[in-house]
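Per Swiss-Prot, the feature site 'Transition state stabilizer' maps to Arg18. According to Swiss-Prot, the active site, proton acceptor annotation covers Tyr23. Summarising the annotation, Swiss-Prot assigns substrate binding site to Asn74, His80, Asp87, Ile101, Ser102, Arg111 and lists sequence analysis as the type of evidence. As annotated by Swiss-Prot, active site, proton donor applies to His100.
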Amino acid sequence: MPHFLVLNGPNLNRLGKREPAVYGSKTLTDLETDLFQFAERANIQLTFFQSNHEGDLIDALHEAEEQYDGVVFNPGAFTHYSYALRDAIASISLSVVEVHISNVHKREEFRHHSVLAPVCQGQIVGLGLEGYKLAIRYLVSEGGAVS
């Protein structure tokens, strides 16, 4: 059974409270419950981790290599400037799919650039919470390992 890490970065613990017009009204717990049910039906195992701290996310990526078949990662605002997260992703042999709930390209100019995208297998933006499921489907279809 494939096992994926769903990694959420800063402020995603505020889903449902922070800018609901942009991110929707569902909470992080709602998202995790929905993804768990989706995964159960698809015979996939998911582990969830959220942190507002860059170092914790780096540690989770490093540890993922030994435990998971791929990573779905919403790095929040770290996507725009965290070269440390970029290096962590580049250092592991797992596929990482970057996910953003909102369409970052329709928002403030500083949100238009991802320093992580070049080292990820792909990027899904603007499809709401459904983007997580699409990332999981992709990881299942390609086996999770970097080719």
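Glycine residues also receive a Cβ, built from the backbone N, Cα and C atoms like all the rest.
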Between His80 (substrate binding site) and the residue listed as 'active site, proton donor', find the distance joining the two CA atoms and give it rounded to the nearest Å.
-> 12
What kind of secondary structure is His80 (substrate binding site) part of, going by DSSP in three states?
-> helix
Conformational class of Asn74 (substrate binding site) under the three-state DSSP mapping = strand
For the binding-site residues Asn74, Ser102, which Cβ has the most other Cβ atoms within 10 Å, all shown protein chains included?
-> Asn74
What DSSP gives for Asp87 (substrate binding site), in three states, is helix
Out of Asn74, Asp87, His100, Ile101, the recorded positions in the record, which is closest to Arg18 (site 'Transition state stabilizer') when you go by Cα distance?
-> Ile101
Between the residue listed as 'active site, proton donor' and Asn74 (substrate binding site): CA-CA distance (Å) | 6
Looking only at Cβ atoms, how many others are within 10 Å of the one on Asp87 (substrate binding site)?
-> 12
